[in-house]
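Beneath this line is the structure, given in structure tokens, with notes to follow.
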Amino acid sequence: MEAIKKKMQMLKLDKENALDRAEQAEAEQKQAEERSKQLEDELAAMQKKLKGTEDELDKYSEALKDAQEKLELAEKKAADAEAEVASLNRRIQLVEEELDRAQERLATALQKLEEAEKAADESERGMKVIENRALKDEEKMELQEIQLKEAKHIAEEADRKYEEVARKLVIIEGDLERTEERAELAESKCSELEEELKNVTNNLKSLEAQAEKYSQKEDKYEEEIKILTDKLKEAETRAEFAERSVAKLEKTIDDLEDELYAQKLKYKAISEELDHALNDMTSI
């Protein structure tokens, strides 16, 4: 009887233990269900977050593509600007060479002009000498005319001195003829010198016109150089702006790459956490 009671107590104890284990199993099952539901909620949230991350990744990919296109466009603009600068440099060099040649021609023209001015001065001095000689000849002619008048007066007053006066008159007339010939020669020489002076003056005017033409051409070259210089400055500004744009785009790309790398790490961490959750669910 004692053995039966003892066995009953043991059975009762086993029953209580079984009930405790059943309650504990139910509690664990309930906890497992709650944990499973929590994991399912977390999984749904992670899937939603993962979808948002994928959308954001697509957006970043599109932004990266746009940035790359802008970078290529900026590189093309910078290359075009550099090519334009090189072309302008070549044009400026050609203009400078042409300007040097024009300055050389202008210097030659100025030298010829100076020589022509010297020749004109010499011609003017020669004309003054001729004028002085002609003036002296005229004075001499006037003196001879006075002498001729005196001789005629003496011939009228004294017939006895007729022969002597006639002889003197012949001499004076001969001198007068020679003087007239010299005067005519001086006048002819003066005409020649006037013609030469006229030619020198025309040459001088031609050289002055040519010098004025060179001066206008030089002003034109200076204006072209100024225009090319302004274009060069504009091209340099465009090139600098393109370089700044490229630097800005490179920084934007670097930032996007850093953010993309961070999102990849975040995605990897979420994937690992999701794998752990799935493993926990599988083990339960």
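Backbone N, Cα and C define each Cβ position, glycine as well.
Worth saying up front: this structure is predicted, and the values here are computed from it rather than measured.
Pulled from Swiss-Prot, these are the features on record:
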COILED    1-284  coiled coil
MOD_RES   M1  N-acetylmethionine
REGION    1-43  region 'Disordered'
COMPBIAS  12-40  compositional bias 'Basic and acidic residues'
MOD_RES   T53  phosphothreonine
MOD_RES   S61  phosphoserine
MOD_RES   S87  phosphoserine
MOD_RES   T108  phosphothreonine
MOD_RES   S206  phosphoserine
MOD_RES   S215  phosphoserine
MOD_RES   T252  phosphothreonine
MOD_RES   Y261  phosphotyrosine
MOD_RES   S271  phosphoserine
MOD_RES   T282  phosphothreonine
MOD_RES   S283  phosphoserine
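When the Cα atoms are compared, Y261 (phosphotyrosine) and S87 (phosphoserine) turn out to be 44 Å apart.
All chains included, 10 other C-beta atoms sit within 10 angstroms of the C-beta of Y261 (phosphotyrosine). Neighbour count (other Cβ atoms within 10 Å of the Cβ, all protein chains): 12 for S87 (phosphoserine).
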